[in-house]
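Data block below; observations after.
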Amino acid sequence: MLYLIGLGLGDAKDITVKGLEVVRRCSRVYLEAYTSVLTVGKEALEEFYGRKLVVADREEVEQEADNILKDADISDVAFLVVGDPFGATTHSDLVLRATKLGIPYRVIHNASIMNAVGCCGLQLYKFGETVSIVFWTDTWRPESFFDKVKKNRQNGMHTLCLLDIKVKEQSLENLIKGRKIYEPPRYMSVNQAAQQLLEIVQNQRIRGEEPAVTEETLCVGLARVGADDQKIAAGTLRQMCTVDLGEPLHSLIITGGSIHPMEMEMLSLFSIPENSSESQSINGL
């Protein structure tokens, strides 16, 4: 059987009891290592689980999934995912491949950023469509996701922005030349995401469009949600460009046009301090 097991968001101990029992009895255990990361390394997981883990990168999961599924019809294979197993469409593809091969599967869920984001005080049922913000390059600067942000705000819904992760990526030159040389990992920060959003706002103004978001739109930056050192900051989009949230992973929320008083009271707990150089009181937004 194929087991897809969520690891939660914090450290090795966030796995469920059920998930841990399965991991310890499986013949092979894979750790998916490209859609998200934990605050601890592979070695810490191996020590706590009492099992050796095989790191599965994007290439192996998306192009060589048969290796993961090998013998899963006659033995138990575990596929570990940070957060919840269905936080990425890649994992649905793995289930479909297993089904076509006649391999049974079972999912053991866990917390993901999609539900843990409620820690900031914004009500989960008031979130609209989630968007992804990717690293811009000199030749690729996508803005199309901003239409979804606009639609969410028109409907009074908050937008969760998932920020880009680059793990085991190749430069264009190395890719063209077929060299297996990889770039250092990169994780988008709230600062970088906010700066790109502000540039989109300026581009829309230049085109004569009315942007759905401005420099003063209330946003929430989150870092390492679920970890002991998680950090949350609430302030304007402009403030998000300079607020220090520390190490990855980061996420950004663009609030909807309508905020419930209880949501606002909760956000005030995370307001960027008045004495900060980039501060502005939430109550003044």
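Yeah, the Cβs are placed from backbone N, Cα and C, and that goes for glycine too.
Given the structure is predicted, the values throughout are model-derived calculations rather than measurements.
From the candidate list L4, L7, L9, the residue Swiss-Prot records in the S-adenosyl-L-methionine site shared with D84, G87, S112, I113, L163, V225, H250 is L9.
S171 is the residue among S171, S251, S281 that Swiss-Prot labels phosphoserine. The Cβ of D84 (S-adenosyl-L-methionine binding site) has 25 neighbouring Cβ atoms from other residues within 10 Å, across all protein chains displayed. All protein chains included, L9 (S-adenosyl-L-methionine binding site) registers 24 other Cβ atoms within 10 Å of its own Cβ. The binding residues for S-adenosyl-L-methionine are recorded as L9, D84, G87, S112, I113, L163, V225, H250; their greatest pairwise CA distance is 17 Å.
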